[in-house]
Amino acid sequence: MEHPVQIAGLTYAYGEGALRREVLRDVELRVAPGEIVILTGPSGSGKTTLLTLAGALRAVQSGSCRVLGRELAGAREGERVALRRRIGFIFQNHNLLGFLTARQNVAMALELDGDTTEAGRLERAGRILAAVGLEEHADKLPAHLSGGQRQRVAVARALVGRPGLILADEPTAALDRASGQEVVHLLRDLARSRGAAILLVTHDPRILDVADRIVAMEDGRVVANAGESAATTGGRAAAADQHGL
Amino acid sequence: MNAIGDLRPALRGALRPPGFLAGLWLAVRLAWRQLRSEKARLASAIAGVMFACVLVFMQLGFRAALFESATTLISAMRADLFLMSPMTLASFRPETIPRARVSQALAVEAVAAAVPVYLAQATFRNPESGRRRTIQLIGFDMEAGVLDLPGLAPIRDALKQPDSFAFDSRSRPEFGPVPRLFAERGPFPAQIGNREMRVVGLVELGSSFGADGNAVLSEVNFRRAVRERPAALVDLAAIRLRPGADPLQAQAALRAVMPPDVAVLTGEELRAHERRYWEEATPIGFIFSFGSLMGLIVGMVIVYQILFSDIAGHLREYATLKAMGYSNTHLAHTVLGSAAILALLGFLPGTLVSSILYGVVADATFLPLAMGVERAGWVFLMIFAMCAAAGLLALRKLRDADPADMF
Ligand SMILES: Nc1ncnc2c1ncn2[C@@H]1O[C@H](COP(=O)(O)OP(=O)(O)OP(=O)(O)O)[C@@H](O)[C@H]1O
Ligand SMILES: [Mg+2]
């Protein structure tokens, strides 16, 4: 099975001419199916840039970036938009639409799929909200939820479309310790049960334990790739399959 | 986490996006949900569109009333062709033509009758207050049947009495309660110019921008009232053709025999000439167009402000939707959908208010103001275009919602 993320020789620079600054240099990264990879590194080391490239939010400049079987180098805008529909994004802020209920916010992720019906979308949204423990809050507006609850809605929204890959950038930064833990564990369990791979950027040492593998970056390069071996990833993937029920 | 087990582990492959209409529906529904969530802002947006709508309706209404009232007299004449001085700018201020031209017209085979019409403005003394006001006098041969006004037929003989005239009951009220006085007393004396004359009946014509009121007289009585006018000059000639004659051929034949001091016009041409005067030679037409445009611009700015702040205030959310795979087109449909909803929600009450105002203003000004389907259709198109333009302008803000800046 092809890896959801296969990045090789990826180089990226902001600015042009004299202002040009390389922030990614010859990056190499693979994420196996069902694998949870945490990306760490000092501020400015290029983690977010790498995530936006893998998430098809930015055009690739040079190198190869294959995501969910699609080569993003040279991909057109329309192809990138289509690919984003198969990726679940979780941001530092929940970014929920304030005028929609939790259920409607989650259903928004399914409205991109022409094979769903309104009733089906709301039903699936309700089920995944129950899975993140928000059954009773499904019809509340985000303003009436706590920070941790909102981020759980965001997790539900990212996962409801059964994405093959989940990208998260500091998803716990805006949360207290307990809700942060809760959110990442939910994220891990849900992703595992569905076999989705996760690439997660964090500075938060308290959540490193959810990772199958930790990748460290520094100054635009991957410097440490702790624990990457066929055995580990294979083992984890198998464990995920059993978990998957 | 028991519920996790219910969720199928299958991963999603490439998905089929909703069809165009389904997608549009979802986009517009999102727009409506967003608009609905902020009631005060929605109310002010609707008020803005309503304002523009009412303003445009009133301006167009006045404009149409002006042009319509300017041609009521001509429209009431039963004639196929008209002779008029080429110098005449508008019928309320006519240049004269020699009376001989009227008889000359009879030389043309197709002409059945040629009737001189006399037009002049004179003062009319309000029988109650005694104040003088300018009234339009219309004089013609009562037997020729050239003017077809409601109420004229039964008083035709009465108008042949010396110094009698018929008063237009749809004149402005400043002329005094003439219709009421007539109903109470029957014929009564009234002063036109410096001459004592008698109101012997009522006709219906209507005031216009050129004339606040009208009085209809026989040819002879007209000359009595307007003594400075030489009998050999007339203001307009109404020509009726023999049955089956082609008006355009007759027009050409008349032109061939007439000297250049007379213009030969069809009824349509004369009405157009009259309209053109008000449209081009006076600032009135421009003022109304300008007023409409102002209303549309103000409405557009209001709608733009609302749509713009809706986007600007939700940039992160819009960017998140883009990150989730919503296309720019879909989000543009949402913004334009908001514009369309505002157009509709402002237009409907705006039209209702305008209909009511038309009634009020028509009663106050005696101008023919009425709501029509055609005008409502045009105004809807303008309001829709106004909102669409505001939406398109606001769309530029959508570009600032860049999902790459979200992480
Ligand atoms: N849009 C941009 N334009 C120009 N430079 C940028 C842009 N975004 C990021 N940079 C620069 O690129 C470098 C890498 O930024 P990036 O956000 O990828 O780092 P990061 O590892 O995510 O940092 P942090 O931990 O602070 O989030 C930084 O020096 C940053 O200043
Ligand atoms: Mg970052």
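Note: Cβ is positioned from N, Cα and C throughout, glycine not excepted.
Copied over from TrEMBL, here are the features:
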- B:45-256: domain 'MacB-like periplasmic core' (DOMAIN)
- B:290-402: domain 'ABC3 transporter permease C-terminal' (DOMAIN)
- B:15-32: transmembrane segment (TRANSMEM)
- B:44-66: transmembrane segment (TRANSMEM)
- B:284-307: transmembrane segment (TRANSMEM)
- B:377-395: transmembrane segment (TRANSMEM)
With the transmembrane segment (B:44-66) as the reference, which stretch in B:15-32, B:284-307, B:377-395 has the largest tally of C-beta pairs below 8 Å? B:284-307
The mean pLDDT across the domain 'ABC3 transporter permease C-terminal' (B:290-402) is 92
DSSP-assigned states of the domain 'ABC3 transporter permease C-terminal' (B:290-402) in counts, ordered helix, strand, coil: 96 helix, 0 strand, 17 coil
